[in-house]
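As recorded in TrEMBL, the features of this protein are as follows:
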DOMAIN    1-140  domain 'Ferritin-like diiron'
BINDING   E12, E45, H48, E89, Q122  Fe cation binding site
Amino acid sequence: MVNKLNAQISLENFSSNLYLQMSAWAEIKGLDGSAAFLRKQAKEELDHMHRLFKYVYETGALPAIGETKAPPTEFKSISDLFQQVLDHEKLVTGKINKLMDSALKENDHSSVDFLQWYVSEQHEEEHTIQQVLDKIRIIGESGSGVYFIDRAIGEMLRKH
Ligand code: OFO
């Protein structure tokens, strides 16, 4: 179980780097709302990593961050970028579900309780990113569409 939790620590670390790197792409394109949104996501992912890190040492085991691959730096468009966010969140949800399966199988009630927070968090995050993608689809990326999409994403950030 410790090894699996440590792998999740590395994944959350990667998620944070990925969203921070994506925020730079948005920043360079002048998409301030999206950049701020992604920076906040990056901070949240770091918090997810720290939560796991603390949990592992509280159980008396040694947390290990492990290697993290470099995130991509280029994206085709704003829809490509947020689609990749959603795909990544789905991957994370799958990993959390697998961790939960292991905890249940091992009768590790403490980990089941701990992981429940991540299950809810993933549900929330997938929903939020789906809302972003819905806005992109409705507004459309042609002409000044990207400007209005970015404004809408900035607006979502203020409400969350
Ligand atoms: Fe959004 O992934 Fe962390 O848990």
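Each position is counted from 1, following the chain as shown.
Cβ from N, Cα, C; glycine included.
All annotation found in TrEMBL is predicted automatically rather than curated by experts.
The DSSP breakdown of the domain 'Ferritin-like diiron' (1-140) into helical (H, G, I), extended (E, B) and coil residues amounts to 113 helix, 0 strand, 27 coil.
Taking a C-beta cut-off of under 8 angstroms and a sequence separation of 6 or more, E45 (Fe cation binding site) has the following same-chain neighbours: E12, N13, S15, S16, Y19. Mean per-residue pLDDT, taken over the domain 'Ferritin-like diiron' (1-140), amounts to 97.
Contacts of E89 (Fe cation binding site) defined by a Cβ separation under 8 A and a same-chain sequence distance of 6+ are given as Q122, E125, E126, I129, in order along the sequence. The number of other Cβ atoms within 10 Å of the Cβ belonging to Q122 (Fe cation binding site), over all protein chains shown, comes to 19. Apart from E12, E45, H48, E89, Q122, the residues listed for Fe cation, the same chain places the Cβ atoms of L11, S15, E44, V92, Y118, E121, E125 within 8 Å of the centroid of those Cβ atoms. Around H48 (Fe cation binding site), taking its Cβ as the centre, 23 other Cβ atoms fall within 10 Å, counting all chains.
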